[in-house]
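Below is one structure; the comments refer to it alone.
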Amino acid sequence: EEIQKEIAYPDGKVEKVLKNGCHLIFFPNGTWKKVGSDGKTVTITFFNGDVKQVMPDQTVIYYYADAKTTHTTYSDGLEVLQFSNGQIEKHYPDGKKEITFPDQTIKNLFTDGQEESIFPDGTIVRIQRDGSKTIEFNNGQRELHTSQFKRREYPDGTVKTVYTNGHQETKYVSGRVRVKDKDGNILMDTKL
């Protein structure tokens, strides 16, 4: 670009005004700033390699050179972090966070303390504030984990519960109930 004028400041800063209306400002420490001809688009390239861009809509894009991470803040308050390993985090203005991991697992962290993870195979894990966990498998099975027991529900209606003391109870859709102690010994079996 052709330079229209150049101004050298006493502090060592140099400003170049280009014919297209852009301003380039060079600082003594190696940082430089470009102000677009619209006066709203600003790019600052820092001496350490970081780059900050401010867009006309006030979106701010900050690239951290050492970490190879981009942090974008939108005017509506949404923040998006993109890491060099492919992980993407979205921080919403209401406090919700969504993390997409490199393997495409998605984890949602809700403001009320609940969590939800969606795995690439379709498995969904939900964790409640009280620590209880629900797992929905892609084969139709479902598990519930609480401080008292773990329960697996099968698509055919069978329900198997393992209690913290090791006792197991299996209820079949036929109405049959089988109970085992912690060592696997059958205590009760109502074969029909």
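Each Cβ is built from the backbone N, Cα and C atoms, and glycine gets one as well.
Database features (TrEMBL):
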type: DOMAIN; residues: 4-34; note: domain 'Centromere protein J C-terminal'
type: DOMAIN; residues: 76-103; note: domain 'Centromere protein J C-terminal'
type: DOMAIN; residues: 111-145; note: domain 'Centromere protein J C-terminal'
type: DOMAIN; residues: 149-179; note: domain 'Centromere protein J C-terminal'
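Panel annotation: around the domain 'Centromere protein J C-terminal' (4-34), residues 42-47 of the same chain, lying at least six beyond its termini, place a Cβ under 8 Å from a Cβ of the stretch.
Across the domain 'Centromere protein J C-terminal' (149-179), DSSP helix (H, G, I), strand (E, B) and coil residues number 0 helix, 17 strand, 14 coil. Confidence over the domain 'Centromere protein J C-terminal' (111-145), given as mean pLDDT on the 0 to 100 scale, stands at 96. Under 8 Å from some Cβ of the domain 'Centromere protein J C-terminal' (149-179) lie the Cβ atoms of residues 139-143, 186-192, all in the same chain and six or more residues away from its ends.
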